[in-house]
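Novice: According to TrEMBL, the feature domain 'EF-hand' maps to 263-298. Sequence annotations record features per position, and here TrEMBL assigns transmembrane segment to 133-163, 213-239, 666-684, 720-743, 749-769, 800-819.
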Amino acid sequence: MRLLQTLGDRLGKALAGEISQDQFERRPTELVGLELFFLSVYALEQVFRIGVLGKEWLISKDGVAWTNLCDFAIVAFGVFDAVVAAEINENEGRDSRGSLLLRMLRLTRVVKSVRLLRVIGLFRQLRSLMDSFYASIAALSWSLIMLLICQLIAALILCQSVIPYLLESKDHDLKVWTYERYGTFSRSMYTFFEITFSGGWPSNVRPLLDVSYWYAVPCLTYVILVVFAALRLITALFVRSTLQVLAKDAGQAVLERLQQTAELQEKLVELFCDGDMDGDRALNLDEWRSLLSHKEILQYMSVLEVDVHDAETLFHLLDDGDGVLTFSEFCEGIPKIRGPARSLDIIALQHNLEEVRADCQDILLQMEALTESHSERESSHARHLKVFGPNVGQAQRGILLDLRAKASAMQSLEMEPGEPESGEVNRENWRAPFPTGSLLRCKKLGLCDTGSSGPTALQIPPAGESNGIGDMWCFLVFRLVNALLLRTSFNPDECLTVKYWQGPEVAHAWLFQEGHLTWEWEPCMAVRGVLHPGLFWALLALLPKSPWLVAYGPRLLQGALASLADGALWRAARALGGDGLARAVLAVQLGGWFQLYALPRTFSSSLEAVLAALSLEQLLAAPPRSAPRAALALGALQVALRPTAAGFWLAWAVAEMAKRRSRKQLQELILVGVSISGTVLAVSTLLDSLYYGGFCLVPWNFLRFNVLQDGSALYGSHPWYWYAEGLAVTLGTFLPFTCLGVVQALRRPLLWAPLLATGASLAVLSCASHKETYRFLLPHFPLFSLLTGLGLHAMRAGRWTLGLVFAPQAVAALFFCLVHQRGGEAVMGHLRQHPAESVFFLTACHATPFHSFVHGTKNMGFLDCSPGQGSPRDRFFQQPMAVLPELFPDALGSPAASEASKAEAPAPAEGRAMQCLEHRYQVKPQPLPEILVLWGGLLLKESAMSEWLEVNGYQLERFLADGIWSEGPYGLEMWPSFSIFRRKL
């Protein structure tokens, strides 16, 4: 509080001009020292807690100790702030992104105030208030949603209606007032927020009547229905919830009951001491009569709600038969006879009497029947021997044993608690083997069988085992054909870096020493790990060195891996809801345009999606409350491939820890998770360190560059709703069924943790200033396919509906897989068929594949596009004719080129993080290549370029269209293309 007060005072002086902005940003030394002192105290407190509590610091008797984890997170943020602040503050003068992140990080220190909530639990009234608040959260949420909808409708009506007035009115002051409150949707929305909650609606409504009296109709309607009626109904709802919570407050009821019991015991002790005249700590009948003969005692007993109309009867009720009332008999008996007789006691007594009466009648009837049947027993036995023969007893016993065996076997087959009521078979229950003692009864009923190894499970095939090999072959063939039909690029420029240049191109450079490593592989950056390209390196080492196989072998491998994702989703859906759900999920997985377009590509996100599908299957198949080891191992591989997957798995771990109440289960989950993730991280770190020649922690480098330094913003920034928009685009016609599937998933506890983790992961990704293309959604598509299948299965859509849903998906898949941006691979296909000694690309950054698609062509070059504003790519497309003489010094110039070469090129970008990349900003002189590949927009924008090509002997060899639209170096371009020029000597 003292720190905030001081900072506020300094801010006031800075606003008043008494101190400069630089003086304000420099925090006083005493405040910094005070902050470090309290941080040290908090850190020592955490160390002391961990040392004293041990395992109970993390896992208490009630489950996870969230308060300790919250305190630890606060201290960790403080230490992180103190350690990282110096490094980031060095860049504040040149780049404010890091300082902005640091300020946001410092805001987490206000979470320390949450520690005050612990004190609330010590006071009964405060605890009741907090319980009432927690119980009202659901009502609060729905109330806010209802009010938000009302405000939304009113804001749309008012904003739409005042626009004509703002365009035509000449009253400037009233027009400004109207615009400030209703001119835009956001202003109108906030105005109605003030009208609803501030009570100052006249000031926001009365001037509007000067525009037109007709505005009184919607405004007064809103005030009456929402401000007056709805808010009072909501208040009544909150009061009702509060009273219900107070009435059900078990802790308060226990305390009050204990207090009443203690007061009663004190009164009984006082009464017993008054009646014990001889001091033997017992009351005989005379002492009892003498005690109850006093009017004051009788009145006192009536206060205790004890009816004393017959002293002797009351004495015998309390006495155990020895003729005296001991202290314990008196104190224990009086509370039992307090108050009037309860209806429940009378009804129970009457019921017992009726049972006794019925039993007596049964005894009399049985006695009479026994007497009458005794004389007929011998003759009846003889008749039975004549009909059934001498073995009648054995036959009866056999029938009885058979019936008992059937009943016992059926009882052993009963489902466990929690079985779905819809009649669906729970695979976990049905697959459990029978105990040895129940095996004979199970065989009698024909429900199970035995083999050489002993008893087996029920003869119900587990999910995914029926025709599993045939299904996998179908999936494999489908995805291989899918991979071969892909002839387009996902997106030019930066995004292709991951598809070609971070996978097959890196593997080609490692194996054949021909290839280009982008700036991410510089030792000073080291933000890429070796696991993903290492997979393709192993494949290329085994394949024949055919140019076609080298180009498309990695994609075929990824297609084969994608078939594993299809099979995993098939098995998971079949286990979750049977064959009907499995068919729906498989139709979505194989028929979705985005999966067909992106899953077989050599993205790291594509491999991450495969691992996500396999881990989702393991999560759904894992026994309840157990640690899914296979799923955790697959998740650790995801994080090793791409650190952004950590958000999903951390959120999943928190959700799973919250569900577990047993200390043993929590310890198992934490121990297994830490051991598996630590092992995978250690192995990946070892491989990365061997490659980079020193210790290298790639996830930390990735976090430092993309989060702390916000280096990814150099590629551009996007709005926070980028991925929400991406879901609508990538799901397309599946979106309504996905939403329905989310509703269905909320009824299935197995899907709660993955659903929560996916939402948390997308929320974390949306916080970054730069958001990658929609391929970052690909790892979440296994769950989206499952949710969409759930929606389709619940909807039970007909053929026409399915046709309307899947037809647009098929059209989009054909367009994006065969037409959109097909120029990049077409260029490389032409170069494979018509090889050249040297090739240079004057195109957008990474718009085409490179060495990996033209195996054997060594002399290849392109314009480097490392992050920063001074890269050769940026300089060339800003002033192409000025950079050409620097790039090709042996080229013949043109008058236009000579004039343009005098222009000043932009300087490289500054920033400490980019200093190690300065050598990439330099334009390296090249001899004129045999083939130049040009971006089509360059020829349209720079007319002098055609003259320069003609002067240097280049002729157009091939014109290749690149689709309908594309994002090029000059922004969005229609009908983009590539032009291949060959030099004629």
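Heads up, the Cβ atoms here are built off N, Cα and C, so glycines get one too.
I would like each feature placed in context: is it buried or exposed, what are its neighbours, and how far apart are things?
Specialist: Remote same-chain residues near the transmembrane segment (133-163) are listed as 178, 182-185, 187-189, 191-193, 196, 211, 215, 218, 222, 225-226, 230, 234, 237-238, 241-242, 244-245 (criterion: CB distance under 8 Å, separation of at least six residues from the stretch ends).
Beyond the transmembrane segment (800-819), the same-chain residues lying 6 or more positions past its ends with a Cβ under 8 Å from any Cβ of the stretch are 485-488, 587, 591-593, 596-597, 732-734, 737, 792, 963-964.
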Novice: Restricting to the domain 'EF-hand' (263-298), what is the model's mean pLDDT?
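Specialist: Here the mean pLDDT over the domain 'EF-hand' (263-298) amounts to 72.
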Novice: Among 213-239, 666-684, 749-769, point out the range having the most Cβ pairs under 8 angstroms from the transmembrane segment (720-743).
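Specialist: Against the transmembrane segment (720-743), the leading stretch is 749-769.
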Novice: What are the helix, strand and coil residue counts for the domain 'EF-hand' (263-298) according to DSSP?
Specialist: 25 helix, 2 strand, 9 coil
